[in-house]
Amino acid sequence: MKTFGAVGWALAYGLLALWWAVGGGGFPFGDGDPDPAIAKGMSILGWVRQERAAPVVAAVVFGAGAVALWLAVRVRRQRPGGRLVEGTAWGVAVFLGVLLPDYRPLVALGHVPVLLVGMPFGWPDGVTIASQLPWPVVNQLVCMGGAWLFATVAAAHRRLRLGREVDSISRWGVAATWTAVAVPLVYAATRYAWALGIPVGFSAEQLRAMDREMPGIWWGGAAMGTLAVLGSVLTVGLVRPWGETFPRWIPLLRGRRVPVPVAVVPAMVVAMAVTSAGLMFTRHVIADPSSINLGINGPAVLWPLWGPALAVAALAYRRRRTGPVGGHP
């Protein structure tokens, strides 16, 4: 039944889009985004207006649902179809998971854990989890979930059509894993440099001035860098034995098998988030080359490499643990 997940997602989201089409509230794109500067400057749908875009969104989503239903039925009946419909499902997955989101889901994924740790101590002051997860960001996360569901049904149909699993994912798994380990360390290095007063991308005076205006900002950056380092360490687990069996030093879980979704789902969410954010920053730099800054957005230019590498690493891990991607229904 997992191959029908994309159908359910499209039905639910399509009904929501119909609500927007008749003037309902909550339209998360363009003029409905409460952060217009980001919506217009960074999002590929930042220019749309609800009254014109919502009916199009509804039609496109219901059409995508029909594609998913066709593929899911073919998979269930073990009767493969052609490449065109399958390719359409892959295209929907790429759009929902990589092209549609901007950088805010990645920011939320980084900030929320820091807030959970800092909230009992009242740090950072005036910043809440709700402020990091406004509806447009939640909507983008929902769309990323839809991307996974469309990719699932497309992968299942691809395997049925070919009669086998093409093992290119496994062949690239190790190289992809180490790439995904290295890239976030570049980001972490810049954030640690700022916390230590090393002016990477800023002058020393700018560092001091920003610290006076926003006390603790550089330590917040160091916390984000630490999350990046932690992500690198966890990525190593995708190719190490302790990524399959909990090590002895973890209480209660030692010696138990690591559930595959525990490793794969977070990796895929981060992969989509960093790819979409990286593409957004890359588009911004191409449009305005003078905006590039070694410390601020320099590492982000590498994120379109990090995201796909992490996705391949996670899928290779899943392939090794459970067998073919997509599987049978």
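Placed from the backbone N, Cα and C atoms, the Cβ positions cover glycine too.
Taken from TrEMBL, the feature transmembrane segment applies to 53-72 (among others). Beyond the ends of the transmembrane segment (53-72), by six or more residues, the same chain brings 3-4, 6-7, 9-11, 13-14, 17-18, 20-21, 27, 29-30, 45, 81, 85-86, 88-89, 92, 149-150, 153-154, 156-157, 329 to within a C-beta distance below 8 angstroms of the stretch.
Annotation source TrEMBL lists transmembrane segment at 84-101 (among others).
Through the fold, the transmembrane segment (137-157) approaches residues 2-6, 9-10, 13, 28, 64, 68, 71-72, 74-75, 80-81, 86, 89-90, 92-98, 100-102, 104-105, 108, 268-269, 272-273, 325-329 of its own chain, all at least 6 residues removed from its boundaries and within a Cβ separation under 8 Å. What TrEMBL lists as transmembrane segment is 137-157 (among others).
Feature annotation from TrEMBL assigns transmembrane segment to 169-189 (among others). Below 8 angstroms of C-beta separation, residues 225-226, 228-229, 231-232, 235-236, 238-239, 299-300, 302-303, 305-306, 308-310, 312-313, 315-317, 319-320, 325 of the same chain, each at least six residues beyond the ends of the transmembrane segment (169-189), sit close to that stretch.
Within its own chain, the transmembrane segment (217-239) is flanked in space by residues 110-111, 113-114, 117-118, 124, 173-174, 177, 180-182, 184-185, 187-192, 194-195, 207, 210-211, 258, 263, 266-267, 270, 310, 313-314, 316-317, which lie at least six positions past its ends and keep a Cβ under 8 Å from the stretch. TrEMBL lists 217-239 (among others) with the feature transmembrane segment.
According to TrEMBL, the transmembrane segment annotation covers 260-281 (among others). Sequence-distant contacts of the transmembrane segment (260-281) (same chain, at least 6 residues past either end, Cβ-Cβ under 8 Å): 42-43, 97-103, 105-106, 109, 144, 147-148, 231, 234-235, 237-238, 243, 297, 300-308, 310-311, 313-315, 317-318, 321-322.
Annotation source TrEMBL lists transmembrane segment at 301-317 (among others).
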How about long-range neighbours of the transmembrane segment (301-317): same chain, 6 or more residues beyond its ends, C-beta under 8 Å? 98, 169-170, 172-174, 176-177, 179-180, 183-184, 186, 235, 238-239, 243, 260, 263-264, 267-268, 270-279, 281-282, 285, 292, 325
